[in-house]
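Peer 1: Before we start, here is the structure in question, set down as structure tokens.
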């Protein structure tokens with residue numbers, strides 16, 4: 001891989017600088033060039049404002065269409081009526097309670113017969129290591 005030489009740009013920049021900054025050059029040409037640059041900068045600012053305006057208009061349109069699509073447009077729609085009613089919430093509560101009862105039925109307790117038969121005996125405990 002060949003390394004690029006960054007010093008090759010310096011003579012080009014020096015010659016460009018000498019062309020733009022000629023001592024004793026024509027002042028009227030400089031003034032005409034500067035006035036044209038000012039006019040171009042006004043057009044550049046106008047172009048930037050136009051691009052930003054189009055971008056803002058486009059963004060606003062997308063935002064408004066998104067907000068409009070999220071509104072409940074068809075209130076007579078059976079699905080929306082069902083969601084607004086509390087019937088599905090009551091059914092959900094009943095289903096949840098049934099599932100909880102099923103899970104309790106599936107659980108069972110293993111009983112230690114020695115502890116039940118001799119409750120007075122001392123059971124060993126773990127002591128904290130503090």
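Cβ atoms are placed via backbone N, Cα and C, with glycine included.
What Swiss-Prot records for this protein is below:
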| type | residues | note |
| --- | --- | --- |
| CARBOHYD | 5 | N-linked glycosylation site |
| CARBOHYD | 26 | N-linked glycosylation site |
| TRANSMEM | 45-67 | transmembrane segment |
| TOPO_DOM | 68-130 | topological domain 'Cytoplasmic' |
| MOD_RES | 103 | phosphoserine |
Peer 1: Would you count the other C-beta atoms found within 10 angstroms of the C-beta of residue 103 (phosphoserine) for me?
Peer 2: 9
Peer 1: For residue 103 (phosphoserine), just give me the three-state DSSP call.
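Peer 2: Once the DSSP labels are grouped into three classes, residue 103 (phosphoserine) ends up as helix.
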Peer 1: Looking only at the topological domain 'Cytoplasmic' (68-130), what is the mean pLDDT?
Peer 2: 74
